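Take this structure first; my questions come after.
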């Protein structure tokens, strides 16, 4: 029996709480609208009603909101922003490789430093330049000897998957779990949080027996259907177990986050982006900047290396529907690997056909191109940039998946930024998580994961009830997947490598970009919309970026560059 439980594709579109924005066959686009963001995103769970969460109703802010914000500045912004909600785009896991080491690298350098030593020196340089307090990365892959790995890998890997995915897991059924447990050494009570940190510390000190004992204890005291603190603890336990078992890579590949169960349903990742205001507002800010860049342009060309299901551009096209200042031609180029381009469910060609139909219905002149290639193989000539068009490049939750100098001497993250700068775009938009999981050593990385995902799990209590199947699916398929990858994978296998806003500013600056500040209409509009959400969601402008968070923790940062 497989332990990987995906969303049930047999459910009809009418029964599914998240239907794709284009709607099922025979529906009239756009479908009926849902309640305002105030009704959807209140503090505390509400009774789950599938008809209340239909994906057709997450169509985002109505087009006239943006028309009045950007093309009719005399209108009152707040009244329009309170009428509807915003909609994000999905971002997938996508990796890049770029050019090899410079051909003129000297042979003396090759003799003097081996690859590991060179990587350490590059990390020291990064630490000195970016000054974020990171220590030199330490690999945990050797914490368990090979014999122990061989004897435990098969059984424990499947046990970890069962604990994460099985509906009969004791974590899911034992909702009345204890909030503390006795310490067998000194008789004192330890909370689940303290047990988690003690376990992480034991792993960092190579105390495998102690860590295993704590994991066994925690598995009886946390519940994936409990309150947010129990839910995050349940998945962190499995991340720590996967670290000991060296099974993170297999679990990460097995869980399905970005794949939609049917043609007219959303992937788990996009549901996350729809239900969490921090992500939604991050995409909204990027769309605002793109609309600003469109003003006065005859041809606008947007390049996106990770479109996924195209929600960001569904919203953008709707925004342009009744704008007299819309461009004479909107071009979008999507880049993805060959398999993803041709996939029957959610493939890039299917997304392009849908966008073309939507643009036709909205009266927006439109052209869609696919580039079927791995990103590491993309060259500027493949992107078909044309003289006279306004070029925009959109990076939404993509760049943190690219390895940097701490992983390989081929710094793919910065190389992509330099290639894009060479295209001379009018605008580059970036939306990223605000956390430091890239170069931090294991124990500090665990603390970062705990703080970030605790806030995220807590914020989901304001969007969906705890018993919601969609919330459970999002937490299993997306958040657990990310947690396992961050904690239990090292080197190239760890692809969820978030960075804080300051590091992204440094990277963009070193690539030659300068900030493109958001104008006052954008900021005022977002502030007005945020008033309809739970008051624990927060928004602030830091330097030239917009920070969206829950409580005192920033979760998402949007920025624009030129």
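The first residue you see is number 1, and the count goes up from there.
Glycine is no exception: its Cβ is also placed from the backbone N, Cα and C atoms.
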Suppose you had to name the range TrEMBL annotates as region 'Leucine repeat II (LRII)'; which of 350-382, 383-415, 416-448 would you pick?
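That would be 350-382, per the region 'Leucine repeat II (LRII)' entry in TrEMBL.
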Determine how many residues of the region 'Leucine repeat II (LRII)' (350-382) DSSP places in helix, in strand and in coil.
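Result for the region 'Leucine repeat II (LRII)' (350-382), in helix, strand, coil order: 19 helix, 7 strand, 7 coil.
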By DSSP, how many residues in the region 'SAW' (488-562) are helix, how many strand, and how many coil?
25 helix, 23 strand, 27 coil
Helix, strand, coil: count each for the residues of the region 'VHIID' (269-334), based on DSSP.
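Tallying H, G and I as helix, E and B as strand, the rest coil: 35 helix, 12 strand, 19 coil.
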For the region 'Leucine repeat I (LRI)' (190-250), DSSP counts of helix, strand and coil?
46 helix, 1 strand, 14 coil
